[in-house]
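The block underneath contains the structure these notes are about, expressed in structure tokens.
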């Protein structure tokens with residue numbers, strides 16, 4: 001409902017068109033190569049197809065690029081999906097901060113283990129858990145029908161570990177430390193979705209700024225606060241205060257899985273930022289060698305001119321904020 005009545009009007013208002021990607025010119029030979037052999041033909045195959053069809057090599061490259069874009073979801077769909085997630089992450093983070101601000105274990109994390117396991121489950125804590133659990137279950141199922149990402153397997157493992165942690169901590173009444181873990185994760189998630197929204201709306205300066213803020217918050221919370229604050233209390237302070245309870249190994253094992261994923265994602269973020277920086281410094285590059293989420297706009301431009309013609313606009317885009325489009329698509 002939020003996507004249909006709120007996200008879509010917002011997308012249209014910022015100039016995102018309600019239209020699908022540019023359709024490649026029908027060609028049986030190229031379609032057979034695309035479906036049966038490769039979506040990214042090498043130079044040798046391009047030359048062979050050029051002789052067979054009597055087409056310019058660049059025109060064939062352009063056809064394959066447009067054909068690949070047909071399988072990608074339109075920008076409007078990606079905008080609506082990101083806006084839904086941004087709305088939830090922001091709201092649940094605000095709720096979590098408001099709830100934890102008045103909780104004693106937020107200021108003294110050792111309070112998580114005082115009187116354990118005989119700790120009361122307040123209504124605010126209950127609703128916090130239920131909303132988070134319901135959302136991650138929805139992500140688990142919608143992952144198979146939403147936009148396919150390159151980190152599908154990693155995200156699947158993350159959702160499994162998160163659902164397992166939320167459920168396990170709730171059953172074992174470890175909800176105090178559980179609320180800290182959930183709030184710590186939500187603080188950077190809404191920043192990433194906000195950066196994606198800015199990218200889809202072509203507000204590239206805002207996009208770049210949000211991505212820098214997101215990267216800093218992510219590294220500080222996931223590689224700093226999480227291991228030295230959360231894992232420290234679950235590994236050492238809990239052992240000291242309540243002893244090696246039966247579920248200690250499983251609980252900390254799941255938390256360690258999250259930490260491994262944090263390291264992997266931090267590496268990906270740094271790599272994407274580095275690639276964006278490198279691509280941003282390239283000048284006069286051939287547009288057919290670079291693909292990003294901005295290809296949809298190029299396809300629209302090319303529909304008004306011959307596909308094989310050279311475009312200076314394509315080369316110039318490599319110099320501007322194309323890197324932001326690149327990391328957003330990643």
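Cβ atoms here come from the backbone N, Cα and C positions, even for glycine.
Because TrEMBL annotations are produced automatically, they should be read as predictions rather than curated entries.
According to TrEMBL:
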- 32-75: DNA-binding region (DNA_BIND)
- 77-278: domain 'TLC' (DOMAIN)
- 86-106: transmembrane segment (TRANSMEM)
- 126-145: transmembrane segment (TRANSMEM)
- 152-171: transmembrane segment (TRANSMEM)
- 210-229: transmembrane segment (TRANSMEM)
- 249-274: transmembrane segment (TRANSMEM)
- 285-330: region 'Disordered' (REGION)
- 303-312: compositional bias 'Low complexity' (COMPBIAS)
**For the DNA-binding region (32-75), residues assigned helix / strand / coil by DSSP** = 31 helix, 0 strand, 13 coil
**Complete:** Per the Cβ filter (under 8 Å) with a sequence gap of at least 6 from its ends, the transmembrane segment (86-106) is approached by 2, 6, 112, 124-125, 128, 131-132, 135, 176-177, 179-180, 182-183, 186-187, 189-190, 193-194, 196-197
**Request:** Looking only at the DNA-binding region (32-75), report the model's average pLDDT.
**Result:** 77
**Asked** Under an 8 Å Cβ to Cβ limit, what residues of the same chain, 6 or more beyond the ends of the transmembrane segment (152-171), are close to it?
**Response** 129, 132-133, 136-137, 139-140, 143, 177-178, 181-182, 247, 250-251, 254-255, 257-258, 261, 264-265
